[in-house]
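Record features (Swiss-Prot):
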type	residues	note
DOMAIN	25-90	domain 'J'
CARBOHYD	Asn260	N-linked glycosylation site
CARBOHYD	Asn312	N-linked glycosylation site
SIGNAL	1-22	signal peptide
Amino acid sequence: MQLIKCLVIIQLSLLLVEESFAGRDFYKILNVKKNANTNEVKKAYRRLAKELHPDKNKDDPDASTKFQDLGAAYEVLSNPDKRKTYDRCGEECLKKEGMMDHGGDPFSSFFGDFGFHFGGDGQQQDAPRGADIVMDLYVSLEELYSGNFVEIVRNKPVTKPASGTRKCNCRQEMVTRNLGPGRFQMIQQTVCDECPNVKLVNEERTLEIEVEQGMVDGQETRFVAEGEPHIDGEPGDLIVRVQQMPHPRFLRKNDDLYTNVTISLQDALVGFSMEIKHLDGHLVPVTREKVTWPGARIRKKGEGMPNFENNNLTGNLYITFDVEFPKKDLTEEDKEALKKILDQSSINRIYNGL
């Protein structure tokens, strides 16, 4: 009897836990693990937003619902406070505590107000268009190696209704003027329509710029309609151009990395073991058991940069060695001992090495 009572209590407890976690599984919606960091959450949302956008899935009657679920999942899992509450007791707790406000628009933060095109006709070619804005984004080599999200806040001019009307859609038309009996003149004049008046107002906008693994210096990301506005047409685009900052230890050439290591003369002669700290913190072991001459270069396969088109492919790391000679003078006894060890005659070869 006591055993049955315990089982009933356990069953009721499980039901209460299940009830407290009622609601959507945001981790499943975003397809991320429960220990996923913020950048992994952002990356998952950005990828899935392209796949699940209703404009790309017009034949799916549930497309809008799926897209809304995706946005809700991102809003919760990208916010530390909301995520902590969600992990504790699910979506119902968020609703009870008023934390599901649905006020955000993550899609526009990642892709701009006008999103992106899915291969359609896009904007009309003849429509007037505002100027593009080019913005340089300075990033570290570490960010280009591992990937990152950079949040930028900018004042974007947007059109708002204003009182009165204005001339719009102005164009040149041919008009016939009567100059008298049997005399006419064709002239060209500007003809405009009357449109509701508008004004430009600066609004603060936040954009999430993804620095993707393997991006190269000068590579551009385009945000449609985030550029200069045009009162009679469409806004231009915002073009974010990656500018790679110099790195103190590594030089990048395409997908390969180059670095220099200075070793002692002793290590150059007898060999050595060391580790090089890579861009993401992992250690690259380097071992030499033979003589290393000044300017010697070795290759570490697969320790370069990830390829932008295919992150499964990586370049190589090339290590060039410099040898530091001792500063102190040797005694005559040391010199003689060294000559015996090296057993090498003088080589005074003169040549043009340039």
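Every residue number used here counts from 1 along the chain in the order it is shown.
Each residue, glycine too, has its Cβ placed from N, Cα and C.
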Between the glycosylation sites Asn260, Asn312, where is the Cβ count within 10 Å the lowest?
Asn312
Secondary structure at Asn312 (N-linked glycosylation site) (DSSP, helix/strand/coil)?
coil
Averaged over the domain 'J' (25-90), what pLDDT does the prediction give?
89
Structural state census, the domain 'J' (25-90) (DSSP three-state):
49 helix, 0 strand, 17 coil
About how far apart, in whole Å, are the alpha carbons (Cα) of Asn260 (N-linked glycosylation site) and Asn312 (N-linked glycosylation site)?
26
Asn260 (N-linked glycosylation site) - helix vs strand vs coil (DSSP):
strand
